[in-house]
């Protein structure tokens, strides 16, 4: 299975939209969209990765 990844180079961003495009993080937490996920990735210093697209 190919590794799934998201480009978070443009983050963090101060404001995320409420758009529902869920992603599942390696912490087994569902993030509402790429912005929320990428902000969390930046805060985790890169330890958080994408598990898969969609809810956990």
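Each residue, glycine too, has its Cβ placed from N, Cα and C.
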Name the residue among 28, 45 that Swiss-Prot annotates as N-linked glycosylation site.
45
For residue 38 (disulfide bond), the three-state class that DSSP assigns:
helix
Any idea which of the disulfide-bonded residues 8, 56 has the thinnest Cβ neighbourhood at 10 Å?
56
